[in-house]
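Undergrad: Okay, handing you the structure first.
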Ligand code: A3D
């Protein structure tokens, strides 16, 4: 059986980390694409030389030519820019929308059968634009945000309850921004609702509220510390978990920006919901009962995503 092929569009911080993880896990051969000449080739060469030490045979190549992504099984998109001081949200939206146009067209021409995972921000709008520009089926294009936001939430909960992260099941829905919704009512430690543990006096409502707030600002906290860019280790790890779910037909239920039609009162929008990932891509969107407060927070988040989409349509005529 031929090896799988993983194409990574964007060979920056997340792209390089994705390449390393994909090769180390032998998910398949890796093609790193970037518009910067030399960057993907240099990273590919460097990463290839990890092979003899780590014992992987995955081939890693770098390219500036979309033709080299032909036949990719999975494509993970991180191309674009991250927000820097002094840049408005609209600046980022405009720049990355143009990037999604070229990436979408490259995928449409060279790898229309791939499962595509978008990581570029602003996530909920960019995954929507990527789907539009690539023309791929909606179940084959998905955004990564919920896995990362949930991992941040789970990390903070594990620290608070001094428990293994392995026992924490926490998740975050909604858009990937300040309005994201950490869903406490479905967050458990070894099956025990976090709220029950609070009722037992193992933590306090104030501390949990603080964790929810820290989760929402989790990306910004890292940007403020790094100063020159945004998080990349955990974002890459999250993207790889989604790729593995698809390649292994694992039927994992992961929070991700999936296309929602009808469920959650949402009609035709990419937004963070629990979704099953298997060999058909996004195989199901799973609806859960939310508390009244969570429902209204989710609606605020959906409205914020809609606003972003309108801004996208205002920028690019072809999206109207
Ligand atoms: P960075 O290290 O700057 O890498 C981006 C790469 O994209 C650079 O190597 C650029 O040369 C390349 N690029 C720019 N334009 C194009 C193009 N048209 N075609 C191909 N490549 C291009 O950024 P990063 O890897 O740290 O982050 C990448 C993106 O992920 C940014 O938009 C971040 O905001 C976003 N991000 C999202 C999350 C989520 O949870 C959704 C988390 C962290 C970062």
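Every residue, even glycine, has its Cβ placed from backbone N, Cα and C.
Pulled the feature table from TrEMBL, pasting it below:
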DOMAIN    5-143  domain 'Lactate/malate dehydrogenase N-terminal'
BINDING   10, 11, 12, 13, 14, 15, 34, 96, 119, 120, 121  NAD(+) binding site
BINDING   83, 89, 121, 152  substrate binding site
DOMAIN    148-310  domain 'Lactate/malate dehydrogenase C-terminal'
ACT_SITE  176  active site, proton acceptor
Undergrad: Using Cα coordinates, what distance in whole Å links residue 14 (NAD(+) binding site) and residue 83 (substrate binding site)?
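TA: Here the two Cα atoms lie 15 Å apart.
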Undergrad: Can you grab the distance from residue 176 (active site, proton acceptor) over to residue 121 (NAD(+) binding site)? Cα atoms, rounded to a whole Å.
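TA: Rounded to a whole number, the Cα-Cα distance is 9 Å.
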Undergrad: With respect to ligand 1, which members of the binding-site residues 10, 14, 34, 152 satisfy a Cβ distance under 6 angstroms to one of its atoms?
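TA: Only 10, 14, 34 meet the Cβ criterion.
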Undergrad: Rounded to a whole number, how many Å is the Cα of residue 152 (substrate binding site) away from the Cα of residue 119 (NAD(+) binding site)?
TA: 16
Undergrad: Taking the residues 10, 11, 12, 13, 14, 15, 34, 96, 119, 120, 121, which the record names as binding NAD(+), find the longest CA to CA distance and state it in Å to the nearest whole number.
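TA: Maximum Cα-Cα distance: 17 Å.
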Undergrad: Please tell me which one of the binding-site residues listed here (10, 12, 34, 119, 121) sits closest to residue 83 (substrate binding site), measuring Cα to Cα?
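TA: Nearest by Cα distance to residue 83 (substrate binding site): 121.
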Undergrad: Using Cβ-Cβ distances, find the residues under 8 Å from residue 34 (NAD(+) binding site) that belong to the same chain and are at least 6 apart in sequence, listing them in sequence order.
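TA: Those within reach of residue 34 (NAD(+) binding site), by Cβ under 8 Å and sequence separation of 6 or more, are 9, 10, 11, 12, 15, 40, 62, 64, 79.
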Undergrad: What's the number of neighbouring CB atoms sitting within 10 A of the CB on residue 83 (substrate binding site)?
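TA: The Cβ of residue 83 (substrate binding site) has 18 Cβ neighbours within 10 Å.
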Undergrad: Find, among the binding-site residues listed as 10, 12, the one whose Cβ has the highest number of other Cβ atoms within 10 Å in the structure shown.
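TA: By the 10 Å Cβ neighbour count, 10 comes out on top.
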Undergrad: Averaged across the domain 'Lactate/malate dehydrogenase N-terminal' (5-143), what pLDDT does the model get? Just tell me the whole number, please.
TA: 95
Undergrad: By DSSP, what is the split of the domain 'Lactate/malate dehydrogenase N-terminal' (5-143) into helix, strand and coil residues?
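TA: Final tally across the stretch: 67 helix, 25 strand, 47 coil.
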